[in-house]
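Copied over from Swiss-Prot, here are the features:
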type	residues	note
ACT_SITE	128	active site, proton acceptor
ACT_SITE	130	active site, nucleophile
BINDING	52, 53, 54, 55, 56, 73, 94, 95, 96, 116, 151, 156	GTP binding site
BINDING	57, 68, 70	Zn(2+) binding site
């Protein structure tokens, strides 16, 4: 059974000025060190909180890589939840589940003309190896079963519902287009992501 292990206060965001709490967990199936970042005590004060399931992206989240939009999506979610409350489930699923080194191998292939999915497939991986069962377990540990999910990804929508979480609403993030990620974003759209690249 999954339960909260520790709950600590910290300030987050680009200027470390947004109050939040970080939660660790016991009893997750794979024992990966996923965490939840809770804003405005949303797990205690809201019946249907905003939730983003954000998969770790070292290159984008930490180093602000031009190749993806992960860091911008994370920052958008933090800023949104600072106002309205919410929960970010930060999941250790680098590279859509293939790991950091394999993702860097995929980047090499992308530099030679493959898109993000073709590169993963060429390395012997599926389009997306992530599983969101542990995200549902984390929500269960917080006694949350209905959420407003912040995502553009149809797989996340399907998977979290398959694990028993009810979606009250799907909230899309903006399209964060910048030099270097245009092909990546177009590939996501081609795979069903709800992104308006014309804005």
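Keep in mind that glycine also has a Cβ here, set from the backbone N, Cα and C atoms.
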So how many other Cβ atoms are close to residue 56 (GTP binding site), meaning within 10 Å of its Cβ?
-> 19
Can you tell me how far the Cα of residue 96 (GTP binding site) sits from the Cα of residue 128 (active site, proton acceptor), in Å?
-> 5
Quick note, residue 57 (Zn(2+) binding site) and residue 130 (active site, nucleophile): C-alpha atoms separated, nearest Å, by 13
Where the record names 52, 53, 54, 55, 56, 73, 94, 95, 96, 116, 151, 156 as binding GTP, the maximum Cα to Cα distance in Å | 22
Residues sitting within 8 A of the centre of the 57, 68, 70 CB atoms (Zn(2+) site), not counting those, run 59, 60, 61, 65, 67, 69, 71, 73
Secondary structure at residue 96 (GTP binding site), reduced by DSSP to three states = helix
Please compare the binding-site residues 52, 54 by how many other CB atoms fall within 10 Å of each one's CB, and tell me which has the fewest.
-> 54
How many other Cβ atoms are found within 10 Å of the Cβ atom of residue 151 (GTP binding site), counting all protein chains shown?
-> 22
Find, for the listed recorded positions 96, 130, the residue with the lowest Cβ contact count at a 10 Å cut-off, counting only other Cβ atoms.
-> 130
In Å, rounded, how far does the Cα of residue 94 (GTP binding site) sit from the Cα of residue 68 (Zn(2+) binding site)?
-> 13
What kind of secondary structure is residue 70 (Zn(2+) binding site) part of, going by DSSP in three states?
-> helix
DSSP three-state assignment (helix, strand or coil) for residue 151 (GTP binding site) | coil
Residue 70 (Zn(2+) binding site) versus residue 52 (GTP binding site) - Cα distance in angstrom = 12
